[in-house]
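Peer 1: My questions all concern the structure below.
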Amino acid sequence: MTNIRKNHPLMKIMNSSFIDLPAPSNISSWWNFGSLLGACLALQIITGLFLAMHYTADTMTAFSSVTHICRDVNYGWVIRYLHANGASMFFLCLFIHIGRGLYYGSFTLSETWNVGIILLFTVMATAFMGYVLPWGQMSFWGATVITNLLSAIPYIGTNLVEWIWGGFSVDKATLTRFFAFHFILPFIIAALVMVHLLFLHETGSNNPLGTSSDSDKIPFHPYYTIKDLLGLMFLILLTMTLVLFSPDLLGDPDNYTPANPLNTPPHIKPEWYFLFAYAILRSIPNKLGGVLALVFSILILAIIPMLHTAKQRSMTFRPLSQSVFWVLTADLFILTWIGGQPVEHPFITIGQMASILYFSLILIIMPMASLIENKMLKW
């Protein structure tokens, strides 16, 4: 058996990635979220495949087909809510995974980090297009508002929007292509995950101390397979609690009303995981400025390795940087809350202040805190 595991062309790839992989002996539970993201992706692909068997990508029947899945298909409601809430779990794990990378300085593994940023954008695009498919009020108006942002691009903007729509408004052509993209993108994500892991295994994992682990490695199996399984149990517990007790907790009631181009909902807002970026978009009165702020709120992750001024890799022994990190976390919670509120006083002002603070913390305050710590340590 050992020979097959180590010599078979396919098995030896699996073996070197998940069984005999040398891993740092001290990685904490914050390192569990990579495998949890893999589990979420698998869940989304499987549930999505079964949903696609019953869904019809047509403006006349899309809403009815989703209703049919929930009412008439065997356990269709479970599959549908697993898929919807699975997306929320995906983003929850994604945000924690990125946060862990920031806190422990994993962004110094630049290839892995950059592929991760591409993955984040791809997952966000997939989730956005998936939200359009049930063809409820929020699906339709969300698609209209977000695709319309591209019209802010000078000269080619309007043509670009109409090209994406496949007409002069969000209609049948838009829904059909969004379904096609929503189906193919998870497989592209799976391929990018392979690249992400390939780059990670070139350098090996970081650890909570931010030091080299070369002198102290342990095999991935059984130590971290068991540890990942424990994390998976907690994830399953949380997901199933959500699906079976309050499946619509994170959804929008407006999406239970069929799409109506003649009636705009009072508050157009995306799913909770996009609210922080939506708040940043809305906090700038200028359309192009808002779109740029929206893009840069995510793209800013790409320049974080360049802003790393500390002499230590991890924040484990840097209390000042830790404080800045948790202020940033709190700021993201505030932005998420503001994104779900109507555009009126005092929410506008709070949103603008939180947006300025978000960019200031990453671009100015964090590098300065690191420099102060260097001075305190006489480095």
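Cβ from N, Cα, C; glycine included.
Owing to the predicted nature of the structure, the values given are computational and were not obtained by experimental measurement.
According to Swiss-Prot, the protein has these features:
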TRANSMEM  33-53  transmembrane segment
TRANSMEM  77-98  transmembrane segment
BINDING   His83, His182  heme b b562 binding site
BINDING   His97, His196  heme b b566 binding site
TRANSMEM  113-133  transmembrane segment
TRANSMEM  178-198  transmembrane segment
BINDING   His201  ubiquinone binding site
TRANSMEM  226-246  transmembrane segment
TRANSMEM  288-308  transmembrane segment
TRANSMEM  320-340  transmembrane segment
TRANSMEM  347-367  transmembrane segment
Peer 1: Say we define neighbours as other CB atoms within 10 Å of the CB. Which of the binding-site residues His83, His97, His201 has the fewest?
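Peer 2: Candidates: the binding-site residues His83, His97, His201. Fewest Cβ atoms within 10 Å: His201.
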Peer 1: Please determine whether the transmembrane segment (113-133) and the transmembrane segment (347-367) are in contact (criterion: at least three Cβ-Cβ distances under 8 Å, sequence separation 6 or more).
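Peer 2: Answer no, regions not in contact.
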Peer 1: Could you state the whole-number distance in Å separating the C-alpha atoms of His83 (heme b b562 binding site) and His97 (heme b b566 binding site)?
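Peer 2: Rounded to the nearest whole number, the Cα-Cα distance is 20 Å.
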Peer 1: Taking 33-53, 77-98, 226-246, 288-308, 347-367 as candidates, which has the most Cβ pairs under 8 Å with the transmembrane segment (178-198)?
Peer 2: 33-53
Peer 1: Could you round the CA separation between His196 (heme b b566 binding site) and His182 (heme b b562 binding site) to a whole angstrom and send it over?
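Peer 2: So the Cα of His182 (heme b b562 binding site) lies 21 Å away from that of His196 (heme b b566 binding site).
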Peer 1: Please report how many Å separate the Cα atom of His182 (heme b b562 binding site) from that of the residue listed as 'ubiquinone binding site', as a whole number.
Peer 2: 29
Peer 1: Taking only the Cα atoms, work out how far His97 (heme b b566 binding site) lies from His201 (ubiquinone binding site), in Å, as a whole number.
Peer 2: 17
Peer 1: Is the transmembrane segment (226-246) packed against any residues at least 6 beyond its ends, judged by a Cβ distance under 8 Å, and which are they?
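Peer 2: Beyond its ends, the transmembrane segment (226-246) has Cβ neighbours at 29, 32-33, 35-36, 39-40, 78, 81-82, 85-86, 88-89, 93.
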Peer 1: State the residues, same chain only, that lie 6 or more residues beyond the ends of the transmembrane segment (320-340) and have a CB under 8 A from a CB inside it; answer 'none' if no residue qualifies.
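Peer 2: That would be 99, 102-103, 269-270, 272, 274-280, 282-283, 310, 347, 350-351, 354-355, 357-358, 361-362, 365-366, 369-370, 372-373.
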Peer 1: When you measure from the Cβ of His182 (heme b b562 binding site), how many other Cβ atoms are you left with inside 10 Å?
Peer 2: 21
